[in-house]
Amino acid sequence: MTIQLSVNVNKIAVLRNSRGGTDPDVLQAARTCIAAGAHGITVHPRPDQRHIRAGDVLALSALTREHAVEFNIEGNPFAPPRAGYPGLLELCRATRPEQITLVPDGDGQLTSDHGFDFAQDTTQLAELIAAFKAVGSRVSLFVDAGNPDIAGAAALGADRVELYTGPYAHAHASGQTDTALALFADAGRRASAAGLGINAGHDLSQANLGDFLAAVPGVLEVSIGHALISEALYQGLEATVRAYVDILRGSQVGA
């Protein structure tokens, strides 16, 4: 089975919002990604609306349903609603995405940079996971590869984990990948042993994706945004998505 590519279109919205108006068109960019072979679209609507907004979520939900590809909504389940942001649970109830990825990021974070700590009180998180699953979506939790209790995600009711791959990307850029890959491979094995599906994302790129997938068993899906959109500035969006799909086809699940 081919590992799935979900393209994160947040950066398209960042560019649009920097100028105001509707260009570049997030919906058209997503359409291009799907036509080029992307298996899904990811968004991370934040309470400060710095990129993806509630209206984008609704429109992209309709688009992905029309094209029969998966919609993945990321977000902090603890962030309260505020003006323009109805809250993650309400957005998911309105759109019923195939997957909801819960991320423990604060309002002031530039980007997601750590996973959940299952050593903390997780009663509220378990209740929220149950609420998100009641929407009809599978639930994935953002985790660090070094988390000693990745199996705790299964105990909380999650279906998958998304391995935070930022540390791997940094190690790859410095040419020091062996230790990082061993850590992620171990995390993948522990997740699989707990019955969890494995996703991966953050700073994955054409340069480092193949090595990661060759070393980490059982990855089902990668979510890629920043690097893909950056590369598309030089290579074109359609060609860039196709290049990622080619990498994934060469890295079959279970291969």
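Every residue gets a Cβ built from N, Cα and C, even glycine.
Computed from a predicted structure; not experimentally measured.
Per Swiss-Prot, 3-amino-2-oxopropyl phosphate binding site is recorded for Asn8, Arg19, Asp203, Gly225, His226. The feature active site, proton acceptor is assigned by Swiss-Prot to His44, Glu74. As annotated by Swiss-Prot, 1-deoxy-D-xylulose 5-phosphate binding site applies to Arg46, His51, Thr111. Per Swiss-Prot, the feature site 'Transition state stabilizer' maps to Glu162; the stated evidence is sequence analysis. The feature active site, proton donor is assigned by Swiss-Prot to His202.
Feature map: Swiss-Prot annotations on the structure.
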residue : record                                      : Cβ contacts under 8 Å, 6 or more apart
Asn8    : 3-amino-2-oxopropyl phosphate binding site  : Ile41, Thr42, Val43, His44, Gly201, Ser223, Ile224, Gly225, His226, Leu228
His51   : 1-deoxy-D-xylulose 5-phosphate binding site : Asn10, Lys11, Ala13, Val14, Asn17, His44
Glu162  : site 'Transition state stabilizer'          : Thr101, Ser140, Leu141, Phe142, Val143, Asn199, Ala200, Gly201, Ser223
Asp203  : 3-amino-2-oxopropyl phosphate binding site  : Thr165, Gly166, Tyr168, Ala169, His170, His226, Ala227
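Take the Cα of Arg46 (1-deoxy-D-xylulose 5-phosphate binding site) and measure to each of the recorded positions Arg19, Glu74, His202: the nearest one is Glu74. When Cβ neighbours within 10 Å are tallied across all protein chains shown, the highest count among the recorded positions Arg19, Arg46, His202, His226 belongs to His202.
According to its DSSP assignment, His226 (3-amino-2-oxopropyl phosphate binding site) is helical.
Taking every pair among Asn8, Arg19, Asp203, Gly225, His226, the residues recorded as binding 3-amino-2-oxopropyl phosphate, the greatest CA to CA distance is 25 Å.
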